[in-house]
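Undergrad: Here it is, the structure in full.
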Amino acid sequence: AVLLQLASGEVFGPDQPIALRLLGSERSIQALEGVAMELEDSLFPLLREVNIGIDAYEVFQDAEWALLIGAKPRGPGIERADLLDINGQIFAEQGKALNAVASPNVKVMVVGNPCNTNALICLKNAPKIPAKNFHALTRLDENRAKCQLALKAGVFYDKVSNVTIWGNHSTTQVPDFLNAKIDGMPVKEVIKDDKWLEHEFTEKVQKRGGALIQKWGRSSAASTAVSIVDAIKSLVTPTPEGDWFSSGVYTSGNPYGIAEDIVFSMPCRSKGDGDYELVKEIQFDDYLRSRIAKTEAELLAEKRCVAHLTGEGIAYCDLPEDTMLPGEM
């Protein structure tokens, strides 16, 4: 779903040629060949080449953007700690490959879950690449939050702005309604129902992925692809004046007092050059601070759980509770 949008020119613009390099596995190589055939047969005028392979050191050669989408889903009987280890090994290897052969300023978008900690593992294994260049995808959560606020207020989606998802892409994530706006007005002045905002709205956004699986029988694909496109476009086009977007980014030097050296979703703003800066003009209240502290504690625990993959010693798993990813059953 995302490849078709990339190849069409929708993401990087109508004058930017695209070369796609698709990394698969021995098990998925035939399906990958089929995807490549569909891309070729679609005659996208900007698509200059499609290369496929199963060796990251070949596929990532000179890459300027890396979208790390694939990860093992959590199945029955798999503890969250085990999932962190299994998927962490994938992203450690991909980080090493990016470090060795990609463009030195490659931008990396980690989609495969648990995406925050996978992004941390990846960047720790790619010391030549600026840590700031790594993102964990929380844009789908932001889009879901905007949808729910718009529906509640009875407005079109484009009237909702300044929405932040704080923290982890898990059910501890914090959809921020304190700083969000509807038609330029603070959400709490438009939706005067604190109970709905703190409970129904927050929980609906946190658990939206699981609710979709129950209806659809599989996890979101189309909306995830749209959110990946939105996340990239937010970095390659200037952020509208006064607005911002959410992305899971490295916390070093953040202005919010959040623990250093984790990947945490925060409000970002871009000049359209592929880079970003953190937004400083943010309000906090006791409710928002307490929720942020919970998701921060979870990410710090996940970090301890993968210390063996980040070069920081022996792993120690003391996850505060077995919180689920938004799409997990």
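Glycine is treated like the rest: Cβ placed from N, Cα and C.
Straight from TrEMBL, here's the annotation block:
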DOMAIN    20-135  domain 'Lactate/malate dehydrogenase N-terminal'
BINDING   Arg74, Arg80, Asn113, Arg144  substrate binding site
BINDING   Asn87, Val111, Gly112, Asn113  NAD(+) binding site
DOMAIN    138-308  domain 'Lactate/malate dehydrogenase C-terminal'
ACT_SITE  His169  active site, proton acceptor
Undergrad: Count up the helix, strand and coil residues in the domain 'Lactate/malate dehydrogenase N-terminal' (20-135) according to DSSP, in that order.
TA: 52 helix, 21 strand, 43 coil
Undergrad: Give me the count of other Cβ atoms within 10 A of the Cβ belonging to Arg74 (substrate binding site).
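TA: 20, counting other Cβ atoms within 10 Å of Arg74 (substrate binding site).
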Undergrad: Largest pairwise Cα distance, Å, within the listed NAD(+) binders Asn87, Val111, Gly112, Asn113?
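TA: Across Asn87, Val111, Gly112, Asn113, the widest Cα separation comes out at 12 Å.
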Undergrad: 10 Å Cβ neighbour count around Arg80 (substrate binding site)?
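TA: There are 22 such Cβ atoms around Arg80 (substrate binding site).
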Undergrad: The record lists Arg74, Arg80, Asn113, Arg144 as binding substrate. What's the largest Cα to Cα distance among them, in Å, rounded to a whole number?
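TA: 24 Å is the greatest Cα spacing among the residues binding substrate.
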Undergrad: Please give the average pLDDT for the domain 'Lactate/malate dehydrogenase C-terminal' (138-308) in this predicted model.
TA: 96
Undergrad: Could you measure between Arg80 (substrate binding site) and Asn87 (NAD(+) binding site) for me? Cα positions, answer in whole angstrom.
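TA: So the alpha carbons of Arg80 (substrate binding site) and Asn87 (NAD(+) binding site) sit roughly 11 Å from each other.
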Undergrad: If you skip the near sequence neighbours and keep only those at least six away, which residues in the chain come within under 8 angstroms of Asn87 (NAD(+) binding site), Cβ to Cβ?
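TA: Expected: Ala71, Lys72, Gly112, Asn113, Pro114, Asn118.
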Undergrad: Give me the long-range Cβ neighbours of Arg144 (substrate binding site): same chain, 6+ apart, Cβ under 8 Å, in sequence order.
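TA: Arg144 (substrate binding site) has long-range Cβ partners Lys204, Val205, Arg208.
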